[in-house]
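Over in TrEMBL, the protein carries these features:
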type     : residues : note
COMPBIAS : 44-63    : compositional bias 'Acidic residues'
REGION   : 34-64    : region 'Disordered'
REPEAT   : 241-283  : repeat 'WD'
REPEAT   : 380-422  : repeat 'WD'
Amino acid sequence: MITALSWIPKGSLKAVPDAAEPPSKEEIKELIESGAFVGSVDGSNEDGEDIEEEEEEDGDQISEVERAKAVAEAFGKSSNSKSSSMEVDEVAAAMKELDMDNYDEEDDGTPLPHSFGIELFSSGLGDLYYPSNELDPYLKDAAVYVYEESSNGSPNMYVHHHIVIPEFPLCTAWIDCPLKGGDKGNFVAIGSKDSPTIEIWDLDVRDEVLPCVQLGGIEEMKIVKKKKSKKEKIRKPIYKEGSHTDSVLGLAWNKEFRNILASASADRKVKVWDVATGQCKITMEHHTKEVQAVAWNHYAPEVLLSGSFDQTVVLKDGRQPSHSGFKWSVMSDIESLAWNPHNEHSFVVSLEDGTVKGFDIRAAQSGSDSDLKPSFTIQAHDQDKGVSSISYNTSASNLLATGSMDKTVKLWDLSNNEPSCITSHKPKAGAVFSISFSADNPFLLAIGGSKGELHVWDTLLDANVARKYGKNQS
């Protein structure tokens, strides 16, 4: 599936990517010791029981059988096939019978040369035991596509190159901050489902093993035991300073302050990062549930919106750090939000109940709670299917695209706060997870969904769109 997408501006991507330099032995050793290849945060104390730390002993090392159990559990969750329902204990017994703890050794007990390499870029789970890459939930990738327009009306789209990433991606943000020198850069920040780390990858380098920058993440994993149990032990993550402690759900790059990135997380926090130094500069805790989305204002780059599963949108203004900000209640879990690129005062938010609501921040500034009501509300998609993604057209004022889990994409005219549907499109992408208008060619809409195929819709080919907005085409 395609869960997130970002456009790369024309002229930013190298025609031929540079070849990556392999990591040094020191870098590899440091990463392995830090637990950077641990796939998910499984040491969290969600049941609320007390735990106490103790030094890791030789007997505390995770055995291959335990790894097999973890893989079997993950396999059962990732596939609906009958073969995936095998009991965990059966898999563990089979692994034990095969003597997997010693399978890398020659008859004389000498380790085989490849035994270290197997663990090198793995959590010790997926690559060892999955029968194919397709079944391995730990093998993910990001793809850079090229979309070529042609005079005969038949565009060509192909994959330029892939980047293998360690976790399932949930959000992306393109960044041009020159992290490697020069005037500009071509990078993508990625937030993941099972990791608190924000990874920043160089899109002009192929075959990279590691991201060029990691924001937050796990410093190390410690073996701890529960106070009420003499034997039961778990792994507890020790996080880097300023790190999120749960999945990263939303990202927003600040186009004015190019080294600044905002992030939203399931840990209920909003953070502001300096990608040049890799440091968290601000942590905000104004939501009570998972934070799904963040967005910087196009005209006032110090103003940040955040939307949460606590059913509120919060505005914070960096120019007024002592101000508590403004809060709007929207009566449903928030899926995405976006500032109007043609109006500094308005934004829209899409919700799990299939609605889209528009707001004017000038009303909130009047100080009356009654003025926090939406300027308009659209029942944009099916009530039981969330509006997963929205995107404003940067060329045509008041043109908004919405994408939904009901497998449709719709275009709306928001003029005078009286929304009307212009057209509806079923792109055969499955449930739609992410949509985005191009800035270079504003009527091209990229669409990603559950079927895993990237679609680009030339919306001007729709008669209603061409009739209303054809004059906007540059």
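Even glycines carry a Cβ here, placed using N, Cα and C.
All annotation found in TrEMBL is predicted automatically rather than curated by experts.
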| field | Counts of helix, strand and coil residues, the repeat 'WD' (241-283), according to DSSP | value | 0 helix, 22 strand, 21 coil
| query | Hey, which bits of the same chain come close to the repeat 'WD' (241-283), Cβ under 8 Å, at least six residues off its ends? | reply | 41, 44, 170-177, 179, 189-198, 200, 213-218, 289-296, 298, 301, 304, 306-308, 316
| note | What DSSP reports for the repeat 'WD' (380-422) is 3 helix, 17 strand, 23 coil
| task | Let me know the model's mean pLDDT on the repeat 'WD' (241-283). | result | 97
